[in-house]
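Data first, discussion second: the structure below is written as structure tokens.
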Amino acid sequence: MSQSKKTVALIIMDGWGHREDTTNNAIAHAKTPVLDRLTKETTNTLISASGMDVGLPGGQMGNSEVGHVNLGAGRVVYQDFTRVTKAIEDGDFFENEVLVSNVDKAIKQDKAVHIMGLLSPGGVHSHQDHIFAMIKLAAKRGAKKIFLHAFLDGRDTPPRSAKAPLEAADKVFEELGVGKTATLVGRYYAMDRDSRWDRVEKAYKVIAKGEGAFNVACAIEGLENSYSRDENDEFMQPTVIGDAAPIEDGDALVFMNFRADRAREISRPFVEKDFSDFEKGEHIDLSAFVMLTQYAESIDAPAAYPPVALVNVMGEWLANHGKTQLRISETEKFAHVTFFYSGGKEDLYEGEERILIPSPKVATYDLQPEMNSTELTDKLVEAIESGKFDAIICNYPNGDMVGHTGNFDAAVKACEAVDTCIGRVVEAIKKVGGDCLITADHGNAEKMADETTGQAHTAHTSELVPFWHVGQKTTARSGGTLSDVAPTMLHLMGMEQPAEMTGKPIVTLVK
């Protein structure tokens, strides 16, 4: 029988930032006896998870994709957001071969260029400036028909904040003298990632067919009507603006979201002829479907900014040294502990196993703030006790998923549920003589309302995140970032870190 392994577990509490001010702070208000005890008894510090420390523009809040890429890479990774923004500033964006050649194909046939994406200054899944640059590129290439299909945010931005981006889009069209916003739909429908195809179908039908729940004269009227129905930006029902502009054979469609996880589902019915998750009707024979970045290897479409290969990320380094690893989370964050943590690689490494716990099927997670954390912990504890794994990467989605709802009381419950689970995990790790690192990918639940506007604060924050180490005797340094976490794990495992990992261990073993 093989010897049991002394597991090193990385527990990522999604959306769990540190904020001294307890006002509207669900984490501070939650009863968290386990983490309170760990703060008193174990090595702990605060680390950075936002801005330039994770490869984002200075001051930009962190997010789950960026967080997990940095956690797994062991180096600061230049993010797609920054990459595209820089290309626009340099002018390279307007010469991008994939964008230019595919837009030109439609223009030569006197066909329309459709642009879809999250029209938001949020910077998590997209940025409105990227969308405006794409509209300008299409106009510059000579497109006479440019249609914007705007997804509304209200999740990474205040719940009712779409007016300014919509007005800015109208201004761009006015200045160019061509194009218009054709449809509006909340991201709840257009950006699902949990196979809720009934939602995606509604978004697809309004974008592709011009079939919405409502028809209005202009975007602002549509938005005001949505608010009068008590629908915040995120939940706005599919709305057609003016004369419908359905997508036709020969048209080009450019998807301007740069983050992959919530872009995959809505892409598929446009790309796959034999798509069958809902009845989409006649397949549209597009001249091109272009992804801003690669959403998945399985989506057969060109990417304007394909992934930059990351060599010797944590998963690869472990596999190359004959180590075993487990990735485990609920559906909502499964892509993060697998695809993103592996630096954009879908496939399993040698010695890697994965456990997916389905997230609860509820409309919004404030209805079940504990989500399926108990089942997740059952499987996680079982894996630790099995002695099979050298390394375990686990994500608890609660702080982020419930934080995004803006429901303070539910967020408190979510944090309490996670604390209880952490208690079980720590006990299991202690039993097997392993090490446990507990941290977060970004903040969220520590700020649930905006003091200035009085609105719910549903977005991430730029706060530092906590970092605890349970296990061998260590001391911690200050000034760490997410990219220092993989080197910390390797240090605790007694392994060298690859040259590509430029991060430094946050804790040092005390001899």
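Cβ coordinates come from backbone N, Cα and C, glycine included.
Bear in mind that the values here come from a model prediction, so they are computed numbers and not experimental data.
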One of Arg193, Arg327 listed by Swiss-Prot as binding substrate at the site of His125, Arg155, Asp156, Arg187, Arg259, Ala260, Asp261, Arg262, Lys333: Arg193
Per Swiss-Prot, member of Ser64, Ser373, Ser386 binding Mn(2+) 2 alongside Asp14, Asp441, His442: Ser64
Using Cα positions only, nearest of the binding-site residues to Asp400 (Mn(2+) 1 binding site) (Ser64, His125, Asp156, Arg193, Ala260): Ser64
Binding-site residues compared (His125, Arg193, Arg262, His404, His460) - highest count of Cβ atoms within 10 Å: His460
Cβ-Cβ neighbours of Ala260 (substrate binding site) (radius 10 Å): 25
Candidates Arg193, Arg262, His404 (binding-site residues) - the one closest to His442 (Mn(2+) 2 binding site) by CA: His404
Three-state secondary structure, Ser64 (Mn(2+) 2 binding site) (per DSSP): helix
Cα-nearest neighbour of His460 (Mn(2+) 1 binding site) within the listed binding-site residues, Asp14, Ser64, Asp156, Asp441: Asp156
